[in-house]
Amino acid sequence: MAEGKAGGAAGLFAKQVQKKFSRAQEKVLQKLGKAVETKDERFEQSASNFYQQQAEGHKLYKDLKNFLSAVKVMHESSKRVSETLQEIYSSEWDGHEELKAIVWNNDLLWEDYEEKLADQAVRTMEIYVAQFSEIKERIAKRGRKLVDYDSARHHLEAVQNAKKKDEAKTAKAEEEFNKAQTVFEDLNQELLEELPILYNSRIGCYVTIFQNISNLRDVFYREMSKLNHNLYEVMSKLEKQHSNKVFVVKGLSSSSRRSLVISPPVRTATVSSPLTSPTSPSTLSLKSESESVSATEDLAPDAAQGEDNSEIKELLEEEEIEKEGSEASSSEEDEPLPACNGPAQAQPSPTTERAKSQEEVLPSSTTPSPGGALSPSGQPSSSATEVVLRTRTASEGSEQPKKRASIQRTSAPPSRPPPPRATASPRPSSGNIPSSPTASGGGSPTSPRASLGTGTASPRTSLEVSPNPEPPEKPVRTPEAKENENIHNQNPEELCTSPTLMTSQVASEPGEAKKMEDKEKDNKLISANSSEGQDQLQVSMVPENNNLTAPEPQEEVSTSENPQL
């Protein structure tokens, strides 16, 4: 029996060697072109798709295994960090028991995620890839059977084409050819049916695997987010318990870190605040910051109301001070603003610098009033001129309540008269002159040297005051009281200025440097021609509403150069 088995094994081995030899011989003949090779384009396309599918499947399977390995590593790392936190967390701190539950749930969640990922993703891909080896073997077997089929066909053709025909050999060659053809065609037909199905199954495999992965991630991250919220709340309680202990990031250069801010990992509605500083280096509790912000917001309306009350009080105090200052300044401002208007003041300076130099040269010169005019000799004009003076309306008050303090001014020194300013109260200016024969008599400033136009305003000296809130009303004074007050307040020295002082102002102007004798002669000529222009100033008292109307600018002077100078 043993000898029979050994002989059978030797015969099988010899048969296999003979097949391999015949196959190798056939392949050589096919490569040399001496034998015809059978080809199936449909199968070749399916085989090409299979090899591509196999490569993609093995790559995805390899990446999934690496992903699972990374999850395992992350599980172990997270577990060690949680255990270390639990060890260093003192039992006296708030949230000690809650931290234990968080650590245990964290480990359980990672373990569940790892197991389900390995079962629903990696193992599924492993089953999908396992079928490639079987199909690959069948494709290889089909290739061998194809060579056997080609070899049997070539042998049959050789026997049939031999010169000496042998019926036994021909019958045996036909039998082998039919057998090889049947095996090859059956295997080829199976592969032609299975390969396209396997190739299309890759879509369902990918869908199933990544649906499982996405679902597992969603569940895992949702549960992990809850644990993170719980852990953040525990840390917030601990921070609130020890709010005086602040950790500041320091000792690190800006190049080694992109940001020095320790931001919270979780943003909740209770801790979010628009007023928190994004650049604060400390990790103070956001809840405490939101509470402080809400407290400041509650105090903000009270502070704003207090500021409004303080502003109202300041306005009332300013109005009282203005009332007292207006009564005191009405008599004080009369001294530096007399009603004397000599020929020297009638000449306007070409530039602002000339006007400043004129005031510096003649410290004793007076400011001309808008409506009054005197002759060069200092005597009032004999003809009754009419001056129309008016007080400022309520809309011409101060621009803002805060500017009222700057409007209340004291009397300027006699050497430099104050410039015209917008007054907030309707008090009469110091240049208001009652219509009396003494104030309007004498010479008229309509000489060739100077002419005063009450109707036209110089664009350089005109003042524009924007409308403002209405100032408090002042007690109405009768024209007789104003007249007596202005008469008593006038300075006789200022009203009667010598012609030498009047003309010295003209001499101080650059380009008008003349001798004093020529100026006296000019003054005589001006007094002689003063009667020609008495009609240019008409003074009329407006008794209505007890308001004196006058041109608003106080320095509206238009002059013409004397051709004799």
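Here the Cβ of each residue, glycine as well, is placed from N, Cα and C on the backbone.
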Self-check item: Matching range for Swiss-Prot feature annotation, coiled coil, among 304-329, 330-355
Solution: 304-329
Quiz item: Between Ser273, Ser280, Ser466, which does Swiss-Prot record as phosphoserine?
Solution: Ser273
Practice problem: Report which of Ser91, Ser256, Ser357, Ser508 appears in Swiss-Prot with the annotation phosphoserine. | Solution: Ser357
Exercise. Kindly state the mean pLDDT of the domain 'BAR' (28-244) in the predicted structure.
Key: 90
